[in-house]
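Take a look at the structure below.
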Amino acid sequence: MLKIGGATVNQIPFDWNNNTNNILEAIEEAKKQQIKILCFPELCVTGYGCEDLFLSDWLSEHAWKEVLKIREYTNGITICIGLPVRLDGITYNGSCVISDGKIIGITFKQNLARDGVHYEPRWFDPWIPYRIIEIIRGDEKIQAGDLIYEIEGIKFGFEICEDGWRKNYRPGYRLMERGVHLILNPSASHFAMGKSLLREREVVLDGSVNFNCVYLFTNLLGNEAGKMIYDGDIIISQKEKLLAVNKRLSFRNFNILACDVDFKNPANSQVVISDDIKDKNEELAQAVALALYDYIRKSKAKGFVLSLSGGADSSCCAVFVAEMVKRASSELGWEKFNKALSIQAESVHEAVNKLLTCAYQGTTNSSSQTFNAAKTLAESIGAEFHQWTIDEEVNSYSQKIEKAIGRKLTWEEDDVTLQNIQARSRSPIIWMLANVKRAVLLTTSNRSEGDVGYATMDGDTSGSLSPIAGLSKVFILQWLRWAEKELNQTGLNAVNNLRPTAELRPLERNQTDEDDLMPYAVLAEIEKWAIYERKSPLQVYEVMKINYEPDALKLWIKKFFRLWAANQWKRERLAPAFHLDDLNVDPRTWCRFPILSSGFSEELSKLDQY
Ligand SMILES: Nc1ncnc2c1ncn2[C@@H]1O[C@H](COP(=O)(O)OP(=O)(O)OC[C@H]2O[C@@H]([n+]3cccc(C(=O)O)c3)[C@H](O)[C@@H]2O)[C@@H](O)[C@H]1O
Ligand SMILES: Nc1ncnc2c1ncn2[C@@H]1O[C@H](COP(=O)(O)OP(=O)(O)OP(=O)(O)O)[C@@H](O)[C@H]1O
Ligand SMILES: NC(=O)CC[C@H](N)C(=O)O
């Protein structure tokens, strides 16, 4: 029997103190549990999200100094820690094995992650299979490359994150030929709804079955650098059996999971029952809560400010903050929670009151229904709530422009202008409140709005963090109904009975988002084919035509592609957002698209001729 384990850690890019402390605390705990081999996540010494700093010499040099510090605490244990290693001006992504005070080697990643949110080839070079070199650090000579190691008669090697996702190119095939009993996978695998099952089945179980071994996977934890959230999974399998899976998305700085493994007789290996929850609505609630907690903790802001309209998007943001307080305080206890966020509170309501300030900013076009929905929700979660109207500001701007252009503004001629000035008049004062409170201003953009630019730049897009910009409106609407019932967020009842509306036109015009755009379900389906599956307008029409009336569908597809292309600049200006789904329209991470383009003019005319 050999006790092996993983340690997930909540790191911060080049926050040496935080990162090394987390690693040392985890080692101490692992020693108490008598773990013999302990695997930490990918690049855990520096953080995974150091971006172009990986190209500098000093980052890797400093990382090495931390490795030497950590080495001092490894008596009686073998650990693997991830760090960048720069050799002759080229950076490699390595996992360093330290056993009982000795550095016994560094393995380098062979397959670099380059899809979706990952841009590793910009910073790292892939390592060539079987290549082994000797590197000099101080007066030490260290083996590095495609190594295998042996501890207490157990041979082990590495697949580093993406290595385990590249089905036919997995280093595991070669490690099996070289007789390893154990494969360690240190990872930085970002959260997306539904993805943790893929890790379990396609990386871990497929690995232990195909390579006839024990497979140990350890992921990073939390919102490390602003956008990506790491689940902090630790998964251990032996051949076709899952031995241990931890509860993901913890608010703690580190978590450990270990089990006793009998390498010769798998039937004797310890099995740890998992209480992880895979339901998409629940894992999303936990992931966004953790992301918000880490964001204020790491940015040292004093809380959040939110322009709360009583509509779905802003209400969703408010509920996520309340869930953050509820979940983090329940896992950490009030003492740790208060210390981490520099507040004093003893109940969820009290803490939400200190951390979330909301304002309803009505106009003559606002309804009593949205006001009541906003007020009821704010009261139910305990948020500080203010209300005022912005008609004076809107009228003042309008009168000045009317004087300048020498005519009256009218809804017939100036529809979008008159809408936008309302959204923009809410912006300076809500920013002012954020300044006063030294808080982060949340913006409420969702992914469907992002697709088609259905938002006013520097109006409702104002803010510095956009928690739900990665979610489609269809998903948000169903999540809110789920949260009302399953999370007992009863203050959502009125919100859930409203139809999405911008309330920017006079009330008698009965504005709804879906009349302005198209049904949100259609928008989400076109988005799936056009953006996720990368199909042309005609191809989107081909796959969708069986379910819709042809002329209406053509109009919707044309509207989507036209607005998509015209609004790339707007997506570039949206506040940083969390990555939550397989698909994202963030131009700085998942989805690159030109700001100026043909706007699909030829492709859309082909659709007309079809
Ligand atoms: N390619 C480009 N590169 C750089 N800038 C570009 C540009 N194209 C336009 N622009 C600029 O952008 C301006 C237009 O953008 P912008 O002012 O944002 O406004 P715009 O996109 O024209 O209109 C905003 C839309 O969002 C809707 N809305 C607004 C507010 C809230 C909600 C809601 O759901 O609650 C909905 C509103 O009904 C309207 O349909 C132009 O005046 C021009 O200055
Ligand atoms: N009366 C209002 N008071 C405060 N903020 C408002 C008001 N109207 C709009 N806003 C701000 O503008 C944002 C954009 O409005 P939008 O209509 O897209 O979202 P929503 O009102 O939250 O949801 P829905 O679209 O489902 O009505 C809101 O989320 C909110 O932050
Ligand atoms: N860091 C990595 O190599 C991550 C890549 C992997 N495909 C993931 O998304 O989880």
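Glycine too: its Cβ is placed from the backbone N, Cα and C atoms.
Automatic, uncurated: that is what TrEMBL annotation is.
What TrEMBL records for Glu42 is active site, proton acceptor. On its own chain, Glu42 (active site, proton acceptor) has Tyr48, Gly82, Asn93, Ser95, Lys109, Ile160, Cys161, Pro186, Ser187, Ala188, Leu220 as residues at least 6 apart in sequence with a Cβ closer than 8 Å to its own Cβ.
With a 10 A radius on its CB, Lys109 (active site, for glutaminase activity) counts 26 other CB atoms from all the protein chains. What TrEMBL lists as active site, for glutaminase activity is Lys109.
Here TrEMBL flags Cys161 as active site, nucleophile. Secondary structure at Cys161 (active site, nucleophile), taken from DSSP and collapsed to helix, strand or coil, is helix.
Per TrEMBL, L-glutamine binding site is recorded for Ser189, Lys195. Under DSSP, Lys195 (L-glutamine binding site) is assigned to a helix (H, G or I) in the three-state scheme.
Under the three-state DSSP scheme, Asn420 (deamido-NAD(+) binding site) falls in the helix class. Counting every protein chain shown, the Cβ of Asn420 (deamido-NAD(+) binding site) has 18 other Cβ atoms within 10 Å. Positions annotated as deamido-NAD(+) binding site by TrEMBL: Asn420, Glu449, Lys570.
Reduced to three states, the DSSP call for Thr444 (ATP binding site) is coil. The Cβ of Thr444 (ATP binding site) lies under 8 Å from the Cβ of Leu306, Ser307, Asp313, Ser314, Cys316, Cys317, Asp460, Gly463, Ser466, Ile468, each of these being in the same chain and 6 or more residues away along the sequence. TrEMBL lists Thr444 with the feature ATP binding site.
Summarising the annotation, TrEMBL assigns domain 'CN hydrolase' to 4-263.
The CA atom of Ser189 (L-glutamine binding site) is located 27 Å away from the CA atom of Glu449 (deamido-NAD(+) binding site).
Among the recorded positions Cys161, Ser189, Thr444, Lys570, the ones whose Cβ sits under 6 Å from an atom of ligand 3 are, in sequence order, Cys161, Ser189.
Residues Gly453, Tyr454, Ala455, Thr456, Met457, Gly459, Asp460, Thr461, Asn567 surround the recorded deamido-NAD(+) site, their Cβ atoms falling within 8 Å of the Cβ centroid of Asn420, Glu449, Lys570, which are themselves excluded.
The Cβ of Glu449 (deamido-NAD(+) binding site) has 26 neighbouring Cβ atoms from other residues within 10 Å, across all protein chains displayed. The distance from the Cα of Lys195 (L-glutamine binding site) to the Cα of Glu449 (deamido-NAD(+) binding site) comes to 25 Å. Among the recorded positions Glu42, Cys161, Ser189, Asn420, Thr444, Lys570, the ones whose Cβ sits under 6 Å from an atom of ligand 2 are, in sequence order, Thr444.
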